[in-house]
Amino acid sequence: RRWRATTRSTGTPRRSPATGATAPGSATKVLLAFQSIGVVYGDLGTSPLYTYSGTFPGGIRHPDDILGVLSLILYTLILLPLLKYVFIVLYANDNGDGGTFALYSLISRYAKIRMIPNQQAEDASVSNYSIPEPSSQTRRAQWVKQRLESSKAARIALFTVTILGTSMVMGDGSLTPAISVLSAVSGIREKAPNLTQLQVVWISVAILFLLFSVQRFGTDKVGYSFAPIILVWFVLIAGIGAYNLAAHDATVLRALNPMYIVDYFRRNGKQAWLSLGGVVLCTTGTEAMFADLGHFNIKAIQLSFSFIIFPSVALCYMGQASYLHKFPQDVADTFYKSIPAAMFWPTFIVAILAAIIASQAMLSGAFAILSKALSLGCFPRVQVVHTSKKYAGQVYIPEINFLVGAASIVVTLAFQTTTNIGNAYGICVVMVFSITTHLMTVVMLLVWKKNIAFIAAFYVVFGATEMLYLTSILSKFAEGGYLPFCFSLVLMALMATWHYVHVCRYWYELDRIVPAAKLAALLGRPDVRRVPGVGLLYSELVQGVPPVFPRLVDKMPSVHAVFVFMSIKNLPIPRVAAAERFIFRRVGPAEHRMFRCVARYGYTDQIEAAKDFSDSLLDGLKLFVHEEAAFSCSQHTDDNDGDGALRAAQAAAAEEEKRFIDAELERGVVYLTGEADVVAAPGSSLIKRIVVNYVYTFLRKNL
């Protein structure tokens, strides 16, 4: 029999294709833009605390080097955060959600690249599953689709790049608090020079401990309420920048001429190239614009960045350059040295708060991305706490919070200076940029079907720029740059192990589904009774009868009067409407009253409570019975016009079956799950036995 989706028309407002939310008005856009300042831009806004010291670790050798670096900073901010992210990448959202996994899930809807074979034709009928495509179907897009689907190496490469990007964002989540808080706290030595660096480090550790302790309260309580503080921070750094320009040397505005970049490289050669690892720190937090997009919308991000964040940060860097042109010896602590004396303590207090909020923004993005990986079967099942009833994307993962917090504190104690942490931080930032560029190129080819010249220009300009920065920062591998690679390798190994065994297990069960003849024989056994109530047997298979069912009947020779083979399936989209949640199929003849049901969820959807779930499930089942009878009647009407008696009999049988389902529901719903031990096949390699028998088993039993 055909699969049929239980769908009904609803009277919900039209949703914006960009965000999946009701299209906001002008006032709402301005409000969202204001709120985004507190959630998204803390990291980008605190980058002036450490960018110049990271660029000139050995001091300034020539007065015009300041102009060259300022020019590099300004054009890097224009090229990467502004042009690439704000005006291009944000549009590649997955129904309003951003991040590397959102790009991966977007690609997976246009090409069958997912390793688990649970795609169904009905999935494409979900209202926000596909994005409106351009009218012209190009051969190039079809060629890319065929190559991705036919090449296992290409699918593995895409998955590997995606989990690498996720691992780097998690590394970012541990390094952002360390560098932001340490650089903010270091300013206290301006007023308390007797403090040692070790004492500053321990003060930072205390603040970090407090920061990770309050994560369980959620972004809406920790982040949104601090939007005014971050706004004050941007006003402060812009004002201090303007003051320094007026008080010291306004001629640094000459750096708007990009020729100073050329002169800088001619004069310094290899040293100029090495300094790019410090320059790129001015873009830290850029990925948060994309990762946190689900909390806001594109216009809000564009408004806040273009009219508040970019002018404020640019003015701050110009002011610092003006100060350094006059006092180059202060480059190790440019930000606090350049603050007017009367403004020091207010700025110091706001800097500490801004550093905490910056850390919160990156952690929120990391939690959100990891929850998407979890729902797509790419991460062990850990507890995900939804901290906001209003915003589904705001989540907190206790185990990950503990591990990231511990890593951040260990990094702070081990490295002790922002220069060494900056070397590790820069690699995370640029690697995420590069991965986004590569995934974006696939999106442009496959989904957007853009002109090949535009795609080539995008890839060459941004890819080459990011590669230049990456080669520079990798030169500092031994000076802290190894840290994110170690962190990412561990996280990638964990994710790859889980996904690999998860896929193997799915294929194993799929190859052993119970044939119809065997199912009929099981139910026909004299010792098997039909007992009252509704039974839900859970399995990850979305088709066929799972192999655990015969074992259930052998252990407990009874089957409930209404029996449903149940699967919870995550689609590669953020949300699935409640009316489109369930698809049903009848298993065997009607008198068996056995069904297959797939409950579909997006990666930001929350599963309902048991009572609500069973009520909606049985409502959907009754609707399916009704629609099945109506469909059968329409077929008979076409074949035998006027066969009214048959139609009436089918309608009566459907009503009787619906009453039977209601009666059995009153007798109770029983949830059945099978526990499976996964072991490597005999003759497997040593590595495979270790991965499957020990690593995967440890993860499954302890997370």
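Glycine is treated like the rest: Cβ placed from N, Cα and C.
As recorded in TrEMBL:
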type: REGION; residues: 1-23; note: region 'Disordered'
type: DOMAIN; residues: 32-519; note: domain 'K+ potassium transporter integral membrane'
type: TRANSMEM; residues: 66-92; note: transmembrane segment
type: TRANSMEM; residues: 195-214; note: transmembrane segment
type: TRANSMEM; residues: 226-246; note: transmembrane segment
type: TRANSMEM; residues: 272-291; note: transmembrane segment
type: TRANSMEM; residues: 303-323; note: transmembrane segment
type: TRANSMEM; residues: 343-370; note: transmembrane segment
type: TRANSMEM; residues: 391-415; note: transmembrane segment
type: TRANSMEM; residues: 421-445; note: transmembrane segment
type: TRANSMEM; residues: 452-470; note: transmembrane segment
type: TRANSMEM; residues: 482-501; note: transmembrane segment
type: DOMAIN; residues: 532-702; note: domain 'K+ potassium transporter C-terminal'
Does the transmembrane segment (421-445) reach the transmembrane segment (66-92) with at least 3 CB pairs under 8 A, where each pair is 6 or more residues apart?
yes
What residues in the same chain, six or more past the boundaries of the transmembrane segment (226-246), come closer than 8 Å to it by Cβ-Cβ distance?
34-35, 37-39, 41-42, 45-46, 48, 252-253, 308-309, 311-313, 315-320, 322-323, 338-340, 343, 346-347, 350-351, 353-354, 357, 360
Three or more CB pairs closer than 8 Å, sequence separation of 6 or more: does that hold for the transmembrane segment (391-415) against the transmembrane segment (343-370)?
yes
Averaged pLDDT, computed only over the residues in the domain 'K+ potassium transporter C-terminal' (532-702):
86
